[in-house]
Amino acid sequence: MTAISLGMPSVPTKLAERRKSRQIQVGTVAVGGDAPVSVQSMTTTRTSDIGATLQQIAELTASGCQIVRVACPTQDDADALAVIARKSQIPVIADIHFQPKYVFAAIEAGCAAVRVNPGNIKQFDDKVKEIAKAAKEHGTPIRIGVNAGSLDRRLLEKYGKATPEALVESALWEASLFEEHDFRDIKISVKHNDPVVMVNAYRQLAAQCDYPLHLGVTEAGPAFQGTIKSAVAFGALLSEGIGDTIRVSLSAPPVEEIKVGIQILESLNLRQRGLEIVSCPSCGRAQVDVYKLAEEVTAGLEGMEVPLRVAVMGCVVNGPGEAREADLGVASGNGKGQIFVKGEIIKTVPESKIVETLIEEAMKIAEQMEADGIASGEPSVSVAG
């Protein structure tokens, strides 16, 4: 292989300065301030099934999840929290609705944080003093998680529906109650299933407080629909510097939420990109099966953890240009493929050898990157035309 200088990745372009917020510590993960935007998810198991819950947390951890939330609707779930919090590889947040007693149970169990829903916890306002005292004693942050589907009845009567203003008023009112007891170890979310309402709510909230913000589109829907909604909403807010931790809500396995969340952050240059496959969408000019080629290259490089961009192009129009811009690429046509490394053609191979050659060259580049100390990232795949 021709000796080619790979160099270090260029400093990613930022869309906006990060909103200034106070920083809290959720277990080992800092949230807010200048901490990187973190990605979290929620288990779908019954929390009382400790083995199944820990297994799912392990799978989430392996996929890049940094914080995990578990439901706590019953006493059996509350009883399981201590073991789960102790054995989990990542910080565990207890998700509490309806019963304030479970807030105290989660704090006592050693959960890294507790999410409370002020819209449905019985006599929540009356319990704030006790919750603040317990949380302060244990160093447990509280997320005030306002949700359009469970907004306080008084606010629904005032605004007629779950408007951005209603969501923000609920969140700031509850935060003010904690502040009265000198408790500010808080992060806030104001979730809605409509991305437009959600974005407007977070913009208003960001302008009115300095607490770290947890972004989420609630009940976003099945994988495809939920991915689109979350990408649109998160992209709008994060590009303005708003948001400190994200959870993509999908009607899909939790690991899929992490994949989407990481991809969103990478696409906004908020996280070091990992493996990126750039492939053309194909058209009548293509002289090779681009879909098959891209899938085979992706499968062959699965698990690679270096920031490597690989271009798989099917014709001579955009092919050579895209291939030159990538770390590694192929421009295909006339039964053969030109292999590029950092803009230089290193060889031409028969179409039947394209996948094999790309994988071999990718492995060589990855080894050189690791030897040169170029930071690795989580593997991800994107398709661009």
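Note that Cβ sites are derived from N, Cα and C of the backbone, with glycine treated the same way.
What Swiss-Prot says about this one:
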| type | residues | note |
| --- | --- | --- |
| BINDING | CYS280, CYS283, CYS315, GLU322 | [4Fe-4S] cluster binding site |
Cβ-Cβ neighbours of GLU322 ([4Fe-4S] cluster binding site) (radius 10 Å): 22
Site of maximum Cβ density within 10 Å, from binding-site residues CYS280, CYS283, CYS315: CYS280
